[in-house]
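Record features (Swiss-Prot):
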| type | residues | note |
| --- | --- | --- |
| TRANSMEM | 55-75 | transmembrane segment |
| TRANSMEM | 100-120 | transmembrane segment |
| DOMAIN | 145-274 | domain 'Fatty acid hydroxylase' |
| MOTIF | 157-161 | motif 'Histidine box-1' |
| TRANSMEM | 199-219 | transmembrane segment |
| MOTIF | 249-255 | motif 'Histidine box-3' |
Amino acid sequence: MATNESVSIFSSASLAVEYVDSLLPENPLQEPFKNAWNYMLNNYTKFQIATWGSLIVHEALYFLFCLPGFLFQFIPYMKKYKIQKDKPETWENQWKCFKVLLFNHFCIQLPLICGTYYFTEYFNIPYDWERMPRWYFLLARCFGCAVIEDTWHYFLHRLLHHKRIYKYIHKVHHEFQAPFGMEAEYAHPLETLILGTGFFIGIVLLCDHVILLWAWVTIRLLETIDVHSGYDIPLNPLNLIPFYAGSRHHDFHHMNFIGNYASTFTWWDRIFGTDSQYNAYNEKRKKFEKKTE
């Protein structure tokens, strides 16, 4: 009975979304995107698309999303939004971070990316335009991937903070007490594999088109670079997402070393009480800001 009701609610929600979608004006970018997509399919093999296409998407988006935070350090106006104002970025730390990123991206992540083609072949994941999902189904699946990754990340991240193993693996990521965007994937190779597994679980369970791989990469990079940015920017549209952790939530984890273990959402920290120190800190901060107004 409950299952039938759930299916009925889901069907009604799908119909409602489809109806709203039919009322929206036609996307002027759809035709150019369709032509570009078909050009890619006609001129490159599936292996090239899945491997080199995925690598280009990851590298281009990673450093593009890092760029605003990198530029903020040169803009005096933005300093008031920096969370840990007493710990500015240094060229030495950023250069060290960049070198480790290149190693992780090309020596750890690239071999994993090379398996993308074989994954799509094994599970018969389509590439063609005709079977590309509608935007709302794509967003729904990306949200599902985010929930799965966040759950994996919370428990494995918390495990990596265990006193017996912390110094061997996760300590690398905590070398910078005040995070900055480029540091999002600065980690021990084993951590890259352990926490990165959460990214792929959602893909294995939910992927119905190769575009989901790239859409999920885009969302995950945007989120992880945002929470590592070190800046709490007003009117950040990501903060409109219910239960979104945000930069202050994760910045406290780097500052305090314990608590706030989740990557994207706040519910696991709230359920297990691992945000108690953060909540106390936040209350003190807000009281102090009121006094100084």
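Using the three backbone atoms N, Cα and C, a Cβ is placed for every residue, glycine included.
Secondary structure counts, DSSP: the motif 'Histidine box-3' (249-255) has 7 helix, 0 strand, 0 coil. Here the motif 'Histidine box-3' (249-255) returns a mean pLDDT of 95 for the predicted model.
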